[in-house]
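All remarks here apply to the structure that follows.
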Amino acid sequence: MDKFRMMFQFLQSNQESFMNGICGIMALASAQMYSAFEFNCPCMPEYNYTYGIGLLIIPPIWFFLLGFVLNNNVSVLAEEWRRPTGRRTKDPTILRYMFCSITQRSLIAPAVWVSVTLMDGKSFLCAFSVNLDIDRFGNASLVQGMSESERIKLLARIPCKDLFQHQEIRAAASRYIKCISQACGWMFLLMMTFTAFLIRAIRPCFTQAAFLKTKYWSHYIDIERKMFDETCKEHAKSFAKVCIHQYFENISGEMRSFHFRRSSRDGSDDDSEDKKSDEEKLLGIRAQDDMNKVLWNWHTCKPALALRKDE
């Protein structure tokens with residue numbers, strides 16, 4: 001249990017590195033899922049385009065939403081956005097910075113999926129095979145005498161090796177569409193890389209002061225919430241300990257006095273120090289109604305960010 005607790009505390013203290021690791025794992029998972037995915041084009045004119053484009057769009061949307069679900073800062077962002085103003089004003093730039101940071105991490109896995117899908121080219125072949133001009137690939141007599149619907153049905157079978165008999169035409173058409181798909185994949189990677197460069201390198205150069213301010217206060221909001229949760233846990237632990245001690249004092253006074261007579265020689269000092277420490281951790285809040293009021297006030301009216309100097 002101590003090892004798990006230490007690991008949990010490490011992940012909490014290094015949340016940014018942890019979230020970067022999660023994004024990396026999701027990116028690898030998306031690539032692995034695609035390699036394990038069995039691509040089955042329906043080879044029907046009514047469904048080829050929907051299946052091919054759906055494979056290119058729907059999984060990235062799922063990965064994008066999953067990135068938001070796995071990111072702990074989403075709850076911090078929602079809480080900061082929906083909280084009453086109270087004594088502390090809400091800065092839209094901080095909320096925008098937090099949202100952009102979450103979005104950037106969530107886009108990694110979808111970008112990997114789209115890149116791998118375009119580089120493979122199967123979805124493009126399934127979606128756009130009916131738009132091919134088969135005369136470019138030789139044997140124009142293959143479609144002579146066919147109606148438009150029959151020609152489209154024939155072209156829709158190109159992605160299916162076992163349904164299209166003319167393998168030479170199928171191979172040439174597949175190479176042609178996969179070449180276009182890979183070109184789109186490289187253009188997509190170039191666009192994503194250039195956009196990431198603009199966001200991470202150029203933006204702080206023009207608005208360095210505003211960038212540092214929003215970054216500082218976004219970190220402050222995250223750290224404040226963690227410390228508030230830790231303080232609540234410590235208070236709840238001390239509250240429960242004192243409550244249990246008082247319960248046993250009221251119910252079994254004689255047993256407690258007997259227990260203290262036996263342990264007074266070796267543990268009286270330690271017990272008194274522990275009791276004093278628990279009393280200090282209560283911070284003067286010793287009733288359920290008082291604690292509920294404190295929690296309600298923290299939500300509705302957070303203190304202003306102007307610290308007083310202790311004398």
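Glycine is no exception: its Cβ is also placed from the backbone N, Cα and C atoms.
What TrEMBL says about this protein:
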TRANSMEM  21-37  transmembrane segment
TRANSMEM  49-70  transmembrane segment
TRANSMEM  183-202  transmembrane segment
REGION    262-281  region 'Disordered'
COMPBIAS  263-281  compositional bias 'Basic and acidic residues'
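Within the same chain, residues 22-23, 26, 30, 33, 39, 41-42, 102, 105-111, 113-114, 117-118, 122-128, 130 sit at least 6 positions outside the transmembrane segment (49-70) and bring their C-beta atoms closer than 8 Å to a C-beta of that stretch. Non-local neighbours of the transmembrane segment (183-202) in the same chain are 100, 104, 111, 114-115, 117-119, 124; each lies 6+ residues outside the stretch with a CB under 8 Å from one of its CB atoms.
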